[in-house]
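S.K.: Please find one structure pasted underneath; my questions will follow.
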């Protein structure tokens, strides 16, 4: 449970607005050159608030409002809000990856300020590992402070937390041996592999923990376990991640579809089996 909260905190950091607590990872500044690559027209319809694209993107997108769905691949929540998994979710980290979170009012007071709780565990403090959410090009976006390297005490606490999480996982596996589970889809299996890699990462180093997440491709699965037509890499170095179109069943790229930093309009390159049968029936 502790490791899950630690990893959940890392993803929450990508999805939320900044907090005054010490930041372990900061996005690079949005230079004029990077901002010049953004689309010229403002998002439509008009937004109540503009925020940076997911990850470390620099282009403006409409912020998600309270009650709207959110996740790793969606736009961020508006100021004063945070993307939370649904209460009681058994897999909160996976829920955020799948975009099944909900924008809600910040609940930082539940944890207390960092000044009042200087001895809190890393998984508790990870709730404040935030990446700037505002659309600005100055130091407020990137910050000038270098990433803080965790102390030996914190590294030991992380190791203990990871071992406890592994023990809990082994215990759950033993209890579920007699239970029949539905077959996992290819997308879900790939997602499980990525989450397993994340759980085994050596997070504390000089690059900052979120750098590791950007190096991975997290499969974008829908609620039924299939691949979403559009798959995207996370934004990095102020640029939007590349997006491409895939077959929902196999996850392989659709022939003729582009790989671009934007919307590849995947509906133009894929015909569902139902649509294909309907077209055949209408043909003379």
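The backbone N, Cα and C atoms fix where each Cβ goes, glycine too.
Quick paste from Swiss-Prot:
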- 1-21: signal peptide (SIGNAL)
- 23-106: domain 'IGFBP N-terminal' (DOMAIN)
- 27-56: disulfide bond (DISULFID)
- 30-58: disulfide bond (DISULFID)
- 38-59: disulfide bond (DISULFID)
- 47-62: disulfide bond (DISULFID)
- 70-83: disulfide bond (DISULFID)
- 77-103: disulfide bond (DISULFID)
- 117-127: compositional bias 'Basic and acidic residues' (COMPBIAS)
- 136-145: compositional bias 'Low complexity' (COMPBIAS)
- 152-180: compositional bias 'Basic and acidic residues' (COMPBIAS)
- 184-266: domain 'Thyroglobulin type-1' (DOMAIN)
- 187-221: disulfide bond (DISULFID)
- 232-243: disulfide bond (DISULFID)
- 245-266: disulfide bond (DISULFID)
S.K.: Over the span of the domain 'IGFBP N-terminal' (23-106), count residues by DSSP class, listing helix, strand and coil in order.
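M.R.: Helix/strand/coil tally for the domain 'IGFBP N-terminal' (23-106): 11 helix, 20 strand, 53 coil.
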S.K.: Output, ordered by sequence, the same-chain residues six or more apart from residue 59 (disulfide bond) with a CB under 8 Å from its CB, or 'none'.
M.R.: 35, 37, 38, 39, 52, 53, 240
S.K.: Please average pLDDT over the domain 'IGFBP N-terminal' (23-106) for the predicted structure.
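M.R.: For the domain 'IGFBP N-terminal' (23-106), the model's average pLDDT rounds to 80.
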S.K.: Any idea what DSSP makes of residue 221 (disulfide bond), helix, strand or coil?
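M.R.: In the DSSP reduction, residue 221 (disulfide bond) maps to strand.
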S.K.: Within 10 Å of residue 83 (disulfide bond) by C-alpha distance: pick out those among the disulfide-bonded residues 30, 103, 187, 243, and say none if nothing qualifies.
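M.R.: Of 30, 103, 187, 243, within range: 103.
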S.K.: C-alpha of residue 221 (disulfide bond) to C-alpha of residue 232 (disulfide bond): distance in Å?
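M.R.: Residue 221 (disulfide bond) to residue 232 (disulfide bond), Cα-Cα distance: 12 Å.
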